[in-house]
Amino acid sequence: MFDILTRKVDEFSAKSLLDAVRAGKLDKVSTWLNRGGDPNAVDEKGESILFIAASKGFDGIAQKIVTAGGNINFVDKFGATPLFVAATKGHTSIVAMILANNGVDINSQTVEGNTPIFMASWLGHVAIVELLIAANADLTKFDSLGATPLHIATEYGQETIVGMLLEAGASPNQPNRDGRTPVFMAAWHGHRNLVQRFISANADINKCDDTNRTPLFMAACHGHDEIVALLIQANADINKWNQDESTPTLISAEKGRKEAVELFIAAHADINKADKNGFTPIFMAVLNNHAAIVKVLIEADADIYKANNAGKTPLMVALERNHEAISQMLLDAGTQDRQSLLQAVTDGNFERVSKLLAKGVDPNVSNEETGESLLFLAVSKGFEGMVGQLVAAGADVDKPDLHGRTAIHVAASKGYSNLAQMLLRGDYNKQDEVTYGDGALVVTVAQTGRSPIFMAALNGHKTIVELLVLVHADLNSADNEGNTPIHAAVASGHRNIVEMLVTAEANFSLANALGRKPIDIATDKQHYAIASLLSDAEATDRVRLLKAAGDGDMAQVWLLLGKATDPNVTNDDGDSVLYIATTKGHQGVVQKLIAAGADVNRATNTGRTPLLAAAEIGHRPIVVMLIRARANISYSDNVGTTPLLAASTNGHDAVVGMLITCGADVDTNPADGHSPLYVATSRGHTAVVNLLLAMGADPNVQDEEECTPLFVAASKGFASIVDLLVQAGADFVLCNRVGITPLFVARKRGHRDVVKILHDADTKVLQTVRDEDVTVTSTVLGRGGQGVVYKGRWNKQEVAVKTVLNTDGLDALEKEIATMSRVNSPYIIKMITVLDKKTDEPKMVLEYMNSGDLRSYLDKKRSRLPTDVEFSKLELAWAIANGVYDLHAQNILHRDLKASNVLLSTTNYIKIADFGISRDVDTNTLTMGIGTSYWIAPEVFDGDGHYAFAADIYSLGVILTELDTLQTPYANLNLKFMTILDNVRSGKLRPELSPECDEWYADLANWCLEFKPEDRPTAAQVLGVLERQMRAIYPETV
């Protein structure tokens, strides 16, 4: 209960104390404080009793509270202290009282950054500012906008306080947040005295704010003319522009501040400086219809011609906006300026000319009576300096007078080389605007058609000619009579100028209106040195044209042809320039030469034409151009090569097609018989062969050795071409001069794919043959226990006719016929037909092998006796292996492979024969055959019937040893027959090879003779080994 009463008493006491302070009751405040009242009591707003007393100016109460222990540095919720509020309200005595206490914070800032001295400076409380300065208040502290006490005092014109602050050391150059200094603020707000004070304090009067505005700009912008004058007098930068590149003069003109504009003109400000939009002061004055300012600026020689970025001049804007008075002023000023400039040039008044040009007066003013331009007048009078000024100002160096003469004409005619150089430099600077075609300058000519370079050449002004050449003047510009500068120089005998023009690539082959060329004129006038020079130049150009054509230098070719150089010039070998360009494939050069009249049929010393050369390199576009220019597509060179033959030789099928389409003879046949089809075939150009055949080329044409394209393709192994030729009806049995057929040579060279194509084309298995068409003679070719083979004839060719001696052999013969009817291989003897099929004596008609069997051949070779045919060991092995491969591929096992069953022929090559015991491979029904013992595989001797293709491979291995040794198997062994068979069956013996046998061959033979069937190669593997050796001998196979 006591605590509650005490709390209520305290609350009552605090409230009473606050009420007493607010009411200014000093006695009551004293009583309550003396009773122990809280000197730091705060009201509901959070303000202390000292803060309240300071705010209301109750100095006695404030003193009592401070004495009682009140907090002099109390801060309310806004950051204000008793000192801050007293300084703000201007309560000097309270400020002094608080400052008299130790520990007072005189620089405390509110939430907005305001200090006591900031507020006192703002509100003009001089005495308080003085007290705070004396107490060392911080003059550099700034508010949230970056303003210091000096800034705020300046802005509100507190002159006394500004003086006090400056004397106390405040910086006149400290910028606020926007970069604005106190002097900037003074100039902006029109406080002249303060501006003066800052100038005296050495303030930086050119310091810009963040938008690059100066104090002078702000004074001009806001019409503070006195301050403008003051700042100009203080040497402020009168031409400094803001971020929009607007100067004080321009802003004054824009705002209509005539007095300010006059001040700037008097101070020699740049009255022609434009802002970023190209607006000058006079432009802005015109835009805003400030006529008085326009008048002032015109009188100050402002540039009235300068256009803004949109290309509009002040006069254009005045007319658009119907500012009549201003428009008239500008028109009158322009007229006066032009008249003054014309008079100044006439009088040679360099200074006046310079001033008017700088003002922007048009440098292309002309005399109305003569049409003579300012430049023309200056050049006529030899005023070099003035000419330079006019050219620099943009005077038109090509502006003609009423007679068509230009300033360059005058300089050229009078030999003013320095002036000509100035003019030409000015003209050259315009080259991008005035060029055409090859870039030669369009130089205005006089009414006579005579250009400046013509006049300089005529009058012998070498230096001027040289200058005109350097700036690419038109060296071939002719006058009204067709005479060019080189005509003029020749006529006047100026050899040095002629030489210069020739070197500069002037055309010395042009004829004038009378048909006279420069060399003709030189001869007529007996200028023999010049005539010789021109003659040498012509010869040089011909050589240059030949080289340019070979190099593909289009620019040089174009230049030389433009100079009328002969497009049919030839070198020492008779090669024309067109031929040379064609051989190099320079299509553009060829096109230019044809257009210039080059002879498309001109042949070299060896008879070669451009078309032949183009066809040879396969350049179809050039071929097309030459044909269109009427090139002879049938013309042949000295060795009979035509364009079609050349294109075919090199495999250019597109060119071949073009030539044939245009009428070239597909069967062109030179003396050696090498037609386009023949040479394309020999080179393996399949696409060309296909095209020629499609166009009707003869597939059976023969060369001097009577070889056809098919023979050549077969010999080289070009299977795809062989196929095309066969399909086109080529005669595949046509022999060459020594009787070899395409099939024979293909087999001999091991071209298996080609052999198959030709064999398939030639195969006539079981064709319909009448019995009466076959003649069987009594000549016995061979005889066995059950059969006999007679010689016969069918279809004009020899055949072999096999039949039985009695019915005992009938079954075997019928089986052989059945097997032979299935076999289709170029390495197996071919059955042509069967006679008397339904009788007990059927006759099997086979192709005739006229050179006996392989065993007989090897015996003769061993005995060194002559043979009908010659085959290498590799050829024989290759042919036999192919036959075995084909049999196995058709699931047929021969079972009786041996040398005597391999037949040879001069026409039908090498073939396997005798299929009397051959049969299908069937391990379930296979029984052992009865072949000759020495060729039989070891597993066959077991007699269980389970043997297959590997048995034939073993027999092939035995034959390989025969090919190597030339002997029958085991001929060198002194063993009995059964001993040999037992050793073979047990794997202890196999046929041997000669010591000289190649290692690869020995490896292959021994591989085939492996004891275990599974260790032997397949027929395909044997062929793989042999094919590698064949390709080493005949590498042209593709």
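Every residue number used here counts from 1 along the chain in the order it is shown.
Glycine is no exception: its Cβ is also placed from the backbone N, Cα and C atoms.
If you average pLDDT over the repeat 'ANK' (112-144) in this model, you get 94. Annotated repeat 'ANK' per TrEMBL: 112-144 (among others), in sequence order.
Residues of the same chain lying 6 or more positions beyond the ends of the repeat 'ANK' (145-177) and with a Cβ under 8 Å from any Cβ of it are 115, 117-118, 120-122, 124, 126, 129-130, 133, 139, 183, 185-186, 189, 191, 193-194, 197-198, 201-204, 207, 209. The repeat 'ANK' annotation in TrEMBL covers 145-177 (among others).
Cβ atoms under 8 Å from those of the repeat 'ANK' (178-210) belong to residues 145-146, 148, 150-151, 154-155, 157, 159, 162-163, 166, 172, 216, 218-219, 222, 224, 226-227, 230-231, 234, 236-237, 240, 242 of the same chain, restricted to positions at least 6 beyond its ends. Residues annotated as repeat 'ANK' in TrEMBL: 178-210 (among others).
Same-chain residues lying 6+ beyond the ends of the repeat 'ANK' (211-243) with a Cβ under 8 Å from its Cβ atoms: 181, 183-184, 186-188, 190, 192, 195-196, 199, 205, 249-252, 255, 257, 259-260, 263-264, 267-270, 273, 275. Residues or ranges marked as repeat 'ANK' by TrEMBL: 211-243 (among others).
Sequence annotations record features per position, and here TrEMBL assigns repeat 'ANK' to 244-276 (among others). The DSSP breakdown of the repeat 'ANK' (244-276) into helical (H, G, I), extended (E, B) and coil residues amounts to 17 helix, 0 strand, 16 coil.
Annotation comment: TrEMBL describes 310-334 (among others) as repeat 'ANK'. With a cut-off of 8 Å between Cβ atoms, the residues of this chain six or more beyond the repeat 'ANK' (310-334) that come close are 278, 280, 282-283, 286-287, 289, 291, 294-295, 298, 304.
Look at TrEMBL and you will find 370-402 (among others) tagged as repeat 'ANK'.
Within its own chain, the repeat 'ANK' (403-425) is flanked in space by residues 371, 373, 375-376, 378-380, 382, 384, 387-388, 391, 397, 443-448, 450, 452-453, 455-456, 459, 461, 463-464, 467-468, 470-471, 473, which lie at least six positions past its ends and keep a Cβ under 8 Å from the stretch. Taken from TrEMBL, the feature repeat 'ANK' applies to 403-425 (among others).
When DSSP labels each residue, the repeat 'ANK' (573-605) comes out as 16 helix, 1 strand, 16 coil, counted as helix, strand and coil in that order. The feature repeat 'ANK' is assigned by TrEMBL to 573-605 (among others).
Per TrEMBL, the feature repeat 'ANK' maps to 606-638 (among others).
Summarising the annotation, TrEMBL assigns repeat 'ANK' to 639-671 (among others). Beyond the ends of the repeat 'ANK' (639-671), by six or more residues, the same chain brings 607-609, 611-612, 614-620, 623-624, 627, 633, 677, 679-680, 683, 685, 687-688, 691-692, 695-698, 701 to within a C-beta distance below 8 angstroms of the stretch.
Within its own chain, the repeat 'ANK' (705-737) is flanked in space by residues 675, 677-678, 681-682, 684, 686, 689-690, 693, 699, 743, 745-746, 749, 751, 753-754, 757-758, 761-762, 1034, 1036-1038, which lie at least six positions past its ends and keep a Cβ under 8 Å from the stretch. Taken from TrEMBL, the feature repeat 'ANK' applies to 705-737 (among others).
The domain 'Protein kinase' feature in TrEMBL is assigned to 775-1030.
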